[in-house]
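Have a look at the structure below before the remarks.
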Amino acid sequence: MEIDEPEQATDSTEARVEPPRIRRLDESVVNRIAAGEVIQRPASAVKELVENSLDAGATSISVVVKDGGLKLIQVSDNGHGIRYEDLPILCERHTTSKLSTYEDLQTIKSMGFRGEALASMTYVGHVTVTTITEGQLHGYRVSYRDGVMEHEPRPCAAVRGTQIMVENLFYNMIARRKTLQSSSDDYPKIIDLISRFAVHNISVSFSCRKHGANRADVHTVASCSRLDAIRTVYGVSVARDLMEITTSDDNPARSIFKMDGFISNANYVAKKTTMILFINDRLVECTALKRAIEVVYSATLPKASKPFIYMLISLPSEHVDVNMHPTKREVSLLNQESLIETIQTAVESKLMNSNTSRTFQTQAVNSSVYTSQTSHISGKKDPENSAFSSGTKSQKVPVHKMVRTDARDPFGRLHAYWQDGPASQHEKKSDLASVRNAVRLRRNPKESADLTSIHELLGDIDSNVHSGLLDIVKNCTYVGLADEVFALLQHNTHLYLMNVVSVSKELMYQQAIRRFSHFNAIQLSEPAPLQELLMMALKEEDLESVDDDNDDLKQKIAEVNIELLKQKAEMLDELFCIHIDQEGNLTRLPVILDQHTPDMDYVPEFLLSLGNDVDWENEKECFQTISAVLGNFYAIHPPVLPNPFGSGIQFYKKRREASPTKDLGNESANPEDVGEDDVDHELLAEAETAWAQREWTIQHVLFPSMRLFLKPSKSMATNGTFVQVASLEKLYRIFERC
């Protein structure tokens, strides 16, 4: 293959292009560029001025805003004021009373320290300062522009403290001013900012109002507690759903800090996360911490709800780099990852032990997921048949479908016990889908059981953790389902197949151990008789036998198991929230994982395993085997109905009587040959709903909970639970050969 030579320049006399010269920018240009970084919008100016007032020891701060801050920002305080001799250099760049050497930054405790805020405002607006110090007979007023005084300070009447007015903000930055023309956009940001300062600084009274308005939008007085401040600013509805939280760490190898604050409980409902974070009394943002807490809440709160968080983190000043952002909005922390993990664990523990009461609003339950679950039970896609519509009649199950006559027929199982009883239309019970999601009774947490066997089981889990898999699990990203059993997940540049059933089984087992004696409850709408459930499970194991003697044997096995479970009923209820009454009915099951309800089709097998597979003699083995049985029951198994996609469509083909004239040789097993009229659409719709609901549960319940709670065992790395299927580095090597 020939390589073309580069074309030569046709004109040798063509002049060369000279590189541009580097010039020093004019000082006014430099100052205006810096000002645009520090004062990004009116709310930035308000933040700087309020922080200066707090540094001045003010106990009362008043803010007045006009046109969202573009025409006027006025901040008045009763602090110590500004000395007369300091006024000439007040608005020059890098003039401050907070530090004198660079090393002072290591121990800085004030909120302002660089001396850029006031200077920046003078480059993008007109600044007027009125101030008086203690002992003076009168105050002084002076205006600034481009960092210098426009005139000598003039004596004037003044009250104690300082008043700073910033007018015509961004008058010389046309592009930015046009983007901020809507006052309705920036004024709420200023209100939110003052609200955050008011919640934290409970010894300071704040007010914020629009210019010309008689009533302040934020008005607080010095309060005795932070909860009172939150109640004043955000309302009673927010304050009543908050709980106090504290945690700390004093290990120099990890982190040294103390955190206290308030977080919302499970009853709090909001569409947007509100996080008020102060680090060493400095209002900052920490995206990593916010996301870590949101992940914890995502496994507890309804899908559309977000938490309210107030946190004050105190740590040695030398562990904080405050000089990270022009607006001081962000800071850098030493050992930040360890600090966040400790706080995340504390929030998780607080939430898990806080559900002494839980309020459910039935109107909020009507989402696409719950509607799909309702369709799963009723077999209809029509939303008018939803179980949440109290005025509609629930679908009646034909009598011949309430008893199983075919191994492949899913009807006649536990669904029979959730049918509506003979009651009035308004008193009818909701079906299984409503029970799963709307009728969850919460129990008061019992005293923590200080049992050596539980501590040993938890120690066994911790000592058997595979560190490599733990990193993958905590930092993976869900990709999708590969087939009925395996899901795809990505970690860094690697792609893995994960066995959903095995992982969910191990997760549920570990959660059963962790929540020992602290379970919340799922109340069954109707008691489910153990006799029928156990017989159903025993017949499932021996489908081919039709011998009456075998039925008598199964009857005896069922009776023995019922007596055993009734004897152990008190222990099962007290420690695992499995309630079996004296009549031999199952009435209550535990909540192993919030927002997850087990597939009720597997209740017969669960009860049979509970009677046969539990070691009731040894305490540790007893708790371990009961937790293992619960883990297997609550694991995310494939639905009983076959997958309706692909060849599974054959299951939903209607059975027809064989005709003597029909050519049997023309029948085909190809799914494409199944006609529209040959399919049982009602059963097919139920299967599609069940499989879609399972996929949603895997993505939105299993994966977030797995990242939070699962400690993968070493055996998972070798038994095929996790299998690496692709590596980006190896793919690059393959493509390089092409």
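One-based numbering along the chain as shown.
Cβ from N, Cα, C; glycine included.
Because TrEMBL annotations are produced automatically, they should be read as predictions rather than curated entries.
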In TrEMBL, one of 1-20, 441-460 is tagged region 'Disordered'. Which stretch would that be? 1-20
Out of 46-80, 81-115, 151-185, 536-570, let me know the one TrEMBL marks coiled coil. 536-570
Reported in the order helix, strand, coil, what are the DSSP residue counts of the domain 'DNA mismatch repair protein S5' (230-352)? 41 helix, 40 strand, 42 coil
